[in-house]
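K.L.:
Copying in the features that Swiss-Prot gives for the protein in this structure:
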- GLY38, ILE39, SER40, GLY41, GLY42, VAL43, ASP44, SER45, THR143, LYS172, SER193: ATP binding site (BINDING)
- ASP44, GLU148: Mg(2+) binding site (BINDING)
- ARG123, LYS156, ASP163, HIS250, LYS251: deamido-NAD(+) binding site (BINDING)
Amino acid sequence: MFVYDVVNALDYEKARSIITAFISQYVQRAGSRGVVVGISGGVDSTVAAALAVEALGRQRVLGLLMPSLYTPPEDLKDALDVINALGVEWKRVDITPIYDAFVKTLPDFSQENRVAAGNILPRIRMTVLYYYANKYNLLVMGTGDRSELLLGYFTKYGDGGVDFLPIGSLFKLQVRELAARLGFADIAKKPSSPRLWQGHTAEGELGASYEVIDQVLYAVFDLKKPPEEVRGFFGEVVDIVITRVKKNIHKLTPPAYPDITPARRNV
C-alpha cells in the first residue's frame, strides 16, 4: 500500500513509446551505428537493453558482461539469460585482472575506505565501454534511473560516464514495473546492488527500501509536497533522502570554472 503511488503514476505504454523513440532519434542524430551497454543481470540494465533492442534492432546493440571479484554467479546467469532473450551480440570482459593490476600500482592502496576502493570498478567498466564504443562507432548507453540520479547514487565518471540515459526519467519502482511488463518478472524482483564490495546492496547502503525512497522522491520532487508532510509518513528517511540529494547535486552538473568576463579586454 502506497501513500504516494509512484508506481501507478505512469502510463507505461506511453513511456515505452517515448523512450524507444528517444533512443532511435538520439543514435541517428549522433551518426552512430548503435549502442554498447553493460548488462549486469540487474533490473536497470535489463530494461535499458530491452528498450534499445526495441528501438534499434538487436543487430545494433552490443552487450558487455564485465564481472568483478564481487559478482555472484547468479548475476552472471541472469545477465546471460537477458542476452539470450534479447538475441544481442555480446562480449565478456573480466575486469578483475585490470582491477588487481591497477591497485598494485597505488603505493598506499587500502580497502579500509571501501567506497574509494569500490568506485574503481565502475570506472574500469566505463573505460571498457568507451573502448568498444570508439572501436565500433557506438554510443555508450547508460542504465541509471531517476532514483539513482536524484540521490547521486552512482559513481562519478564511472557508471555516470555515459552518452545518454534512456531510463533516467523513471523511478526505480517504475523500472521494476516496466521490467515485469517486458517479460522479466524475476529480474524485477531482485534486490538492487552495485556489487562494489562483498555483500553490497543498494538498500543497505542507502538505509531504506526503494519502496520508501521512491515515495519520498516522488512526493517531494514531483508532487511538490512539503517535507514536513512527507516526514509524517516516513520519518527521518525524508531527511536522509533530501540530504543525500543536496550533497550529491554536483554529480549532475558540469565541472565548475571561473567566469573571467571582468578580465576580458574590449579589442
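Heads up, the Cβ atoms here are built off N, Cα and C, so glycines get one too.
Note that the coordinates shown come from a computational prediction; the quantities given were computed from them, not determined experimentally.
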K.L.:
Check the DSSP secondary structure of ARG123 (deamido-NAD(+) binding site), expressed as helix, strand or coil.
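P.N.:
Helix, per DSSP.
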K.L.:
Using the alpha carbons only, what distance in Å do you get between ASP44 (ATP binding site) and ARG123 (deamido-NAD(+) binding site) once rounded?
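P.N.:
Checking the Cα atoms of ASP44 (ATP binding site) and ARG123 (deamido-NAD(+) binding site) gives a distance of 18 Å.
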K.L.:
Cα of ARG123 (deamido-NAD(+) binding site) to Cα of GLY42 (ATP binding site): how many Å, rounded?
P.N.:
18
K.L.:
Go through ASP44, GLU148, ASP163, the listed binding-site residues, and name the one with the sparsest Cβ surroundings, counting other Cβ atoms within 10 Å.
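P.N.:
It is ASP163 that, of the binding-site residues ASP44, GLU148, ASP163, has the fewest other Cβ atoms within 10 Å.
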K.L.:
To the nearest Å, how far is the Cα of GLY38 (ATP binding site) from the Cα of LYS156 (deamido-NAD(+) binding site)?
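P.N.:
Between the Cα atoms of GLY38 (ATP binding site) and LYS156 (deamido-NAD(+) binding site), the distance comes to 16 Å.
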K.L.:
What is the nearest of the binding-site residues GLU148, ASP163, HIS250 to SER40 (ATP binding site), using the Cα of each?
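P.N.:
Smallest Cα separation from SER40 (ATP binding site) among GLU148, ASP163, HIS250: GLU148.
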K.L.:
Just the number: how many Å between the Cα atoms of ASP163 (deamido-NAD(+) binding site) and THR143 (ATP binding site)?
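P.N.:
So the Cα of THR143 (ATP binding site) lies 11 Å away from that of ASP163 (deamido-NAD(+) binding site).
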K.L.:
Grab the ATP binding residues from the record (GLY38, ILE39, SER40, GLY41, GLY42, VAL43, ASP44, SER45, THR143, LYS172, SER193) and give me their largest CA-CA distance in Å.
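P.N.:
Max Cα-Cα spread across the ATP binders: 18 Å.
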K.L.:
Going by Cα-Cα distance, which of the binding-site residues (GLY42, THR143, GLU148, SER193) sits nearest to LYS251 (deamido-NAD(+) binding site)?
P.N.:
GLU148
K.L.:
Among the binding-site residues SER40, THR143, SER193, whose Cβ has the fewest other Cβ atoms within 10 Å?
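P.N.:
SER193, out of the binding-site residues SER40, THR143, SER193, has the fewest neighbouring Cβ atoms within 10 Å.
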K.L.:
Please report the three-state DSSP label of SER193 (ATP binding site).
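P.N.:
In three-state terms, SER193 (ATP binding site) counts as coil.
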